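K.L.:
The active site, nucleophile annotation in Swiss-Prot covers Cys352, and the record cites similarity to another entry as its basis. Annotated active site per Swiss-Prot: Cys355, in sequence order, evidence recorded as similarity to another entry. Taken from Swiss-Prot, the feature FAD binding site applies to Arg187, Thr189, Trp200, Ser228, His231, Arg260. The disulfide bond annotation in Swiss-Prot covers Cys95-Cys349, Cys105-Cys110, Cys145-Cys166, Cys152-Cys295, Cys352-Cys355. Taken from Swiss-Prot, the feature N-linked glycosylation site covers Asn20, Asn39, Asn135, Asn342, Asn452. Here Swiss-Prot flags 1-18 as signal peptide.
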Amino acid sequence: MVKVLQLCFLSAISLVQALNSTVDQKDEAKVDINTVFDNDSTNFCRMDKTEAIGATCDVTFHEINEVNNNIRPQLLSLVQSDFFKYFKLDLYKECPFWSDNNGYCVNRACAVDVVEDWDSLPEYWQPEILGNIENATTDITDDECSFLDELCDKPRFEAEKDIEYCDTNDFNSQHSVLVDLTANPERFTGYGGEQSSQIWSSIYKENCFSLGDENQCLAKDAFYRLISGLHASIGTHLSNEHLNTETGKWEPNLELFMTRVGNFPDRVSNIYFNFAVVAKALWKIRPYMNELGFCNAYNEDVKGMIDGVVSQLNSKVFNEDLLFHDEVSGQLKDDFRIRFKNVTKIMDCVQCDRCRLWGKVQTTGYATSLKILFEMDNDDDVARQHVVDKLTKYELIALFNTFDRLSKSVEAVNRFEEMYNYQLKSPGEKLASFFQLDNFFKVLNDKFNSANHSSQEKESVSNVEKKVNEFNDLKMPEKKKETHTEVREQASGVFKEAWDVEWKNFKQALRFIVTSYTDLPSTVSKYTVLKLNKLWNKFIGVPNYLEEGEELEYPSYNYEE
């Protein structure tokens, strides 16, 4: 095995040296780096940024980038304010779809720090006033006069239909806890594997609608793009906040981003699509913001930041009227609502607490957006106000935090694009990133270094600092012949040591078998005498012989040795 690794490593060295010599000889021949790395294998943002995002959007990628650059500072300050940085959820709610509890994340990065010092919170976050704050029309009182006044002055909404796209009862659960989102940032936790794949597989399977009408294509496409955009946005966040094990810092990881998002233009496009959806919801609810009861808790600075963000949005970013516009589409809208509600419930199956937290925040934010877009489609202002009155403070908090997450994703996508283009402009950097991405040469180098570790300690290495295009991660032995000989000798020593261990184990096993056979006659004879003695005493009339006399001592064996 060592020889195989050695040969593979030597082949890798030859390839690297050949590539380096080709790049360094600029006067003799120039290499077009795109011939080594075909552009078809790297699909980062291969789209026309001047085109519209989709059939339901009248906005381009470039326009969203400009809007995001303008609102990003105020939006970041807004979600870090006292009102918008807290969220309430049940971290221990059981999964309603399956009972697989084998995927718990025991990593510290998966944990969530909940709020315990309530005295440090503002007044509107104290326990006695937490919960839904609704309009007076929804308050239930025992005062008959108040009830009659309400009937006379306010419209009645009989047979009220379900307009919820998420389970709002979770906010009032006795098991729910308050969490500071700024103290629990969304970042890479190491959670994944089969359990994570099961979560996303179940979410994507919700895109199976019962109706077969051709008009549902736009709705199905919108549903899929929402889920895909959510998935891609989360992947972007985790790639942007990835732990560098060498420096111990959280920093962008271009390779991880390209693997999850960058090599798939449709995923990048769906992030922008989700940005447009949530932006349209914020634009649509703007006229009613001051009429929300809990909005009185804002200070003037927060109100100014909200207006500063929402005022830069417009209605053309998303046209929800194209999705549901007739009776058949009304049934499709109910199916759409139920299925997205299931998506929010699937987040209760996530076994990583921090992943569940941000999954709940973002799915609740999307659910709130859909409720605003699809349920406020009536021209009646009173009916619109009724929908607004059904909003809770946690839905509004989730809405703005989800918009912040999408804004962060758009910002990160542009940063990753700059990093990607920077590597393309430098041939040495591009070659180095290629080998680091595959990690093949790094594995070979680690195997080779572990085999000749003792020989490398004896060698003195000069010229420690080299250029990046000289492949610093490949440690070239200076004396190949001597190093190969020493490696061969050490490999022989390792083989001899392994042989000695196996031979010792074989002798011990053989000794055990032989001893068992040699002791068999003695063991059988003792057992026979014991049985005959018991039968004889029973024959001569000694009752309960073994119980009345001393107990016989059986030979003891230590099975743990």
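Backbone N, Cα and C atoms are what each Cβ position is placed from, and that goes for glycine too.
Describe the structural surroundings of these features, if you would.
P.N.:
Using a 10 Å Cβ-Cβ cutoff, Cys352 (active site, nucleophile) registers 25 neighbours.
According to its DSSP assignment, Cys355 (active site) is helical. If you draw a 10 Å sphere around the CB of Cys355 (active site), it holds 23 other CB atoms from the protein chains shown.
Close to His231 (FAD binding site) in the fold, though at least 6 residues off in sequence, lie Trp200, Ile203, Arg267, each with a CB less than 8 Å from its CB.
In this structure, Cys95 (disulfide bond) belongs to neither helix nor strand by DSSP; it is coil. For Cys95 (disulfide bond), the Cβ neighbour count at a 10 Å cut-off comes to 16, with all displayed protein chains included.
Note: Cys110 (disulfide bond) has non-local neighbours Thr189, Gly190, Tyr191, Cys352, Asp353, Arg354, Cys355, i.e. same-chain residues 6+ apart with C-beta under 8 A of its own C-beta.
Cβ neighbour count for Cys166 (disulfide bond): 26 (other Cβ atoms within 10 Å of its Cβ, all protein chains included).
Shown in sequence order, Glu206 are the residues of the chain, 6+ apart in sequence, with a C-beta less than 8 angstroms from the C-beta of Asn342 (N-linked glycosylation site). For the recorded site, Asn342 (N-linked glycosylation site), the DSSP three-state label reads helix.
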K.L.:
Max Cα distance spanning Arg187, Thr189, Trp200, Ser228, His231, Arg260 (FAD binders), Å?
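P.N.:
The widest Cα-Cα gap among those binding residues is 21 Å.
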K.L.:
Please list, in sequence order, the residues in the chain of Arg187 (FAD binding site) that are at least six apart in sequence and whose C-beta is under 8 Å away from its C-beta.
P.N.:
Ala109, His237, Leu238, Glu241, His242, Leu243, Trp250
K.L.:
Whole-number Å only: compute the distance from the Cα of Ser228 (FAD binding site) to the Cα of Cys166 (disulfide bond).
P.N.:
18
K.L.:
Find the one among the recorded positions Cys95, Cys166, Arg260, Cys349 whose C-alpha lies closest to that of Cys105 (disulfide bond).
P.N.:
Cys349
K.L.:
Cβ distance under 8 Å to Arg260 (FAD binding site), same chain, sequence separation 6 or more: which residues?
P.N.:
Ala232, Gly235, Thr236, Leu238, Ser239
